[in-house]
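Participant: Checked Swiss-Prot, it gives:
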DISULFID  Cys43-Cys58  disulfide bond
DISULFID  Cys50-Cys67  disulfide bond
DISULFID  Cys57-Cys85  disulfide bond
DISULFID  Cys69-Cys83  disulfide bond
SIGNAL    1-19  signal peptide
Amino acid sequence: MKVLVVVALLVTLISYSSSEGIDDLEADELLSLMANEQTRKECIPKHHECTSNKHGCCRGHLFKYKCQCTTVVTQSGEETEGCFCGTPPHHKAAELVVGFGKKIFG
């Protein structure tokens with residue numbers, strides 16, 4: 001059990017460090033991102049529809065939300081695709097481990 005917790009914590013830390021791409025940007029890239037601040041403010045919040053913009057989801061506490069799509073069948077039998085911004089299961093598990101670690105280690 002301890003090994004599983006340690007492995008999960010390591011995976012979480014690696015995933016978190018790889019998702020923090022802004023920290024690794026050079027100064028020029030950071031300035032261009034700051035110029036596009038308006039675009040970043042218009043990201044799609046969690047649980048909102050992202051069918052037309054699948055890469056526009058906002059960031060959560062640790063990770064960026066992902067656009068998750070499902071096929072919806074209407075009463076008339078038509079199949080349509082419905083997408084929403086949400087947290088993938090493996091990110092939920094990582095956030096749970098990090099939260100648990102923060103409670104234990106302060």
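In case you wondered, yes, glycine gets a Cβ from its N, Cα and C as well.
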Participant: Do you know offhand how many angstrom separate Cys43 (disulfide bond) and Cys50 (disulfide bond) by C-alpha?
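Facilitator: Answer for this pair: 10 Å between alpha carbons.
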Participant: Reported as an integer number of Å, what is the Cα distance between Cys57 (disulfide bond) and Cys67 (disulfide bond)?
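Facilitator: With distance taken Cα to Cα, Cys67 (disulfide bond) is 7 Å from Cys57 (disulfide bond).
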Participant: Going by C-alpha distance, which of the disulfide-bonded residues Cys50, Cys69, Cys83, Cys85 is nearest to Cys58 (disulfide bond)?
Facilitator: Cys85
Participant: Let me know the most crowded of the disulfide-bonded residues, choosing from Cys43, Cys69, Cys83, Cys85 and counting other Cβ atoms within 10 Å.
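Facilitator: When each Cβ's neighbours within 10 Å are tallied, Cys85 leads.
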Participant: Please compare the disulfide-bonded residues Cys57, Cys58 by how many other CB atoms fall within 10 Å of each one's CB, and tell me which has the fewest.
Facilitator: Cys58
Participant: In sequence order, which residues at least six apart in the same chain have a CB under 8 Å from the CB of Cys67 (disulfide bond)?
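Facilitator: The answer is Ile44, Cys50, Asn53, Lys54, His55, Gly56, Cys57, Cys83, Phe84, Cys85.
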